[in-house]
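Worksheet for the structure shown next.
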Amino acid sequence: MTLPLSLSQAPQRRRGTGGGTHQQWLLPVTALALIFLVNALLSPSFFSLGVVEGHLYGSLVDILHRGAPLALLAIGMSIVIGTGGIDLSVGAIIAICGSLMAVLIQQDVSPLLTTLLTLGAGLLCGLWNGLLVAVLRIQPIVATLILMVAGRGIAQMITGGQIVTFHSEVFGQLGSGYLVMLPMRVILTALVLGLLIALVRRSALGLFIEAVGGNAEASRLAGIDSRGILIGAYLISGLCAAFAGMIIAADISGADANNAGLWMEMDAILAVVIGGASLAGGRFYLGLTLLGTLVIQSLTTSILVSGLPAQYNLLVKALVILVFLLIQSRPVKQRLLGWLQRRRPSPKS
Amino acid sequence: MKNERWIPVLATLLVLLLLYAFGVSQYRNFASTLVLGNLLTDNAFVIIAGVGMTLVILSGGIDLSVGSMIAFTGVLIALLVGQAGWHPLAAIGFALLLGTCIGAIMGYLIDAFELQPFIVTLALMFLLRGLAFLLSLESVPIDPPFVEQFANFRIPLPGRGWLTASALVMLVVLLAGMVLAHYTRFGTNVYAVGGDKSSAALLGVSVRGTLVGVYACSGFTSALAGVIYTLYTASGYPLATVGVELDVIAAVVIGGTLLTGGVGFIFGTLLGGLIQGVIQTLIAFDGSLNSWWTKIVIGLLLFIFIVLQRLLSRSFGSMLKAA
């Protein structure tokens, strides 16, 4: 076992457990503001909101609409990262759950049972990851890699290697329905996330997760069931991925085992990193992660709106993630802090 | 303890032999050198990339950029040869140099900024894939005579099989990797850094130099895998080899290299790559099984080998404590 990185780092001052310090808000907010500024300059229509057939309509709504699955993934990922882990399998879980849902709807299973079974499949995937990490003590990257590799195979097995399409009133609502002018999926996602955030931050659970992420052995000795917390974190991540998979499948009224959720695990990790979480575990911010999701999704939408080929997304995202990593790395932070401290005393003297 | 390190590799060898024996017992033509030659050729690029990946994993890191690097190299070479009119060898040399430099920069970022290898190489995976798209959105064919010569060069094996140029390059890289890892000071340093970074640093190993070297090696082998893949398919395609990094990592892990770093053998990666190849060949021979079984079986094998490693390293730990 190597020492968790957070132990060797200088202790950081933290206020509260919810949102992080002002400094941590600064970076993602600046990024979001920058993206909006560029958009405002390039296409002023970006911010226009209209009402078409009783639905709110515009680029900003589109960001929320498309960002809903990513927000779910990112919150699950953020909790897993808080425990010092990572979940690479969420993309594969999306494919599995989407495929399962499509096949069940085709078989005329009732919507309620379909939902329960699909979410159950996500929980099962999460349980598998959690058991590997917590009981067999396999490194999280590797443990979740197994499902990442095998998961798409399982999804293809479920669909029989074909793209399964379906027609369903109930799930069509989930994909593209509206409720009081807002997209249904945004409202549902907000509900789920609200519940999750309340569960994690209004109870001691968040603290336990951070304790396990900081030092699993120490928190076990302090009386925390670290094994249970770890398994729970992967269960939540699996459940979030299952829900995201349902939304994605419902959106296109079909399931594509090969491409559903492809590379979304990367976007989710990116959102968490932009949200200022430490990949070594021990600290995570759910609110900031949601902000990170907005940054990623606005970036994606802006590239689409600006008329560049969608593939350039990757290039831009890579540069953004590199910049964020460098700014948040310890050597750069220390140098910045040193520079600030040298400057600060001068006006007083 | 020296013997215990060989157990994962021996287990891999056993699995490979069992799978092969199963194939031979089921299908008449499985034992022919034709199948063997194809096995080496078809998996050459995975194993070449695997050599660099083994070094990276031995040093305690991971490199997720392999698949993108292969695609990027392919598109780059195809464009340099097809549109800029470079000689293929010059284009290949340039691509290899570029790959090595990119890898070295990655190693520097990881060490100098104390970043986690997986997130840096993940960013690079996006970056290279994006660059490949920037160069071309479509598949670019390459058809100078050199490519044909490369494809046609082959040494006949006894029986009906051939040893192709791809397979030869793979064997040379494998040999070079084994010498580098097991018989040079650099190789010893890689094992030391992977075993315990701070101890290695205290013993006077240059951690930064080693990590930069390791990722430069991985960049080189990924680019070389890209070259082989491009010559093999005679085209550069920006969407090629999505997810190949997982196959490569699986080959390394199945080959018995410990993902925590410090323990493993380059030779195991050859076995790991071949196991995946044999599984694919078996599924192709069967005909009734679908391609997704490859993924599921490889996932299963990954699981078995990781658990095996886990148990072994646990007995390592108890042995160390007893000593």
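Placed from the backbone N, Cα and C atoms, the Cβ positions cover glycine too.
Feature list (source: TrEMBL):
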- B:6-23: transmembrane segment (TRANSMEM)
- B:35-58: transmembrane segment (TRANSMEM)
- B:64-82: transmembrane segment (TRANSMEM)
- B:89-110: transmembrane segment (TRANSMEM)
- B:116-140: transmembrane segment (TRANSMEM)
- B:161-183: transmembrane segment (TRANSMEM)
- B:212-234: transmembrane segment (TRANSMEM)
- B:246-272: transmembrane segment (TRANSMEM)
- B:292-312: transmembrane segment (TRANSMEM)
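Using a cut-off of 8 Å between Cβ atoms, the transmembrane segment (B:292-312) and the transmembrane segment (B:116-140) share fewer than three residue pairs, counting only pairs 6 or more apart in sequence. Here the transmembrane segment (B:6-23) touches the transmembrane segment (B:246-272). Their Cβ atoms form 3 or more pairs under 8 Å, with each pair 6 or more residues apart. Same-chain residues lying 6+ beyond the ends of the transmembrane segment (B:161-183) with a Cβ under 8 Å from its Cβ atoms: 32-38, 40-41, 43-45, 47-48, 51-52, 54-55, 58, 150-151, 153-155, 190-191, 217, 221, 224, 228, 231-232, 265-267, 269-270. Most Cβ pairs within less than 8 Å of the transmembrane segment (B:64-82), among stretches B:35-58, B:212-234, B:246-272, belong to B:212-234. For the transmembrane segment (B:35-58), same-chain residues at least 6 beyond its ends with a Cβ under 8 Å from one of its own Cβ atoms are 23, 29, 66, 70, 103, 117, 157, 161-164, 166-167, 169-171, 173-174, 176-177, 180-181, 190-191, 194, 214-215, 217-222, 224-226, 228-229, 232, 244, 247-249, 251-253, 255, 257-259, 261-266, 268-270, 272-274, 276-278, 280-281. With a cut-off of 8 Å between Cβ atoms, the residues of this chain six or more beyond the transmembrane segment (B:246-272) that come close are 5, 7-9, 11-13, 15-16, 46-47, 49-51, 53-55, 57-62, 66, 174, 177-178, 181-182, 191-196, 298, 301-302, 305-306, 309, 313.
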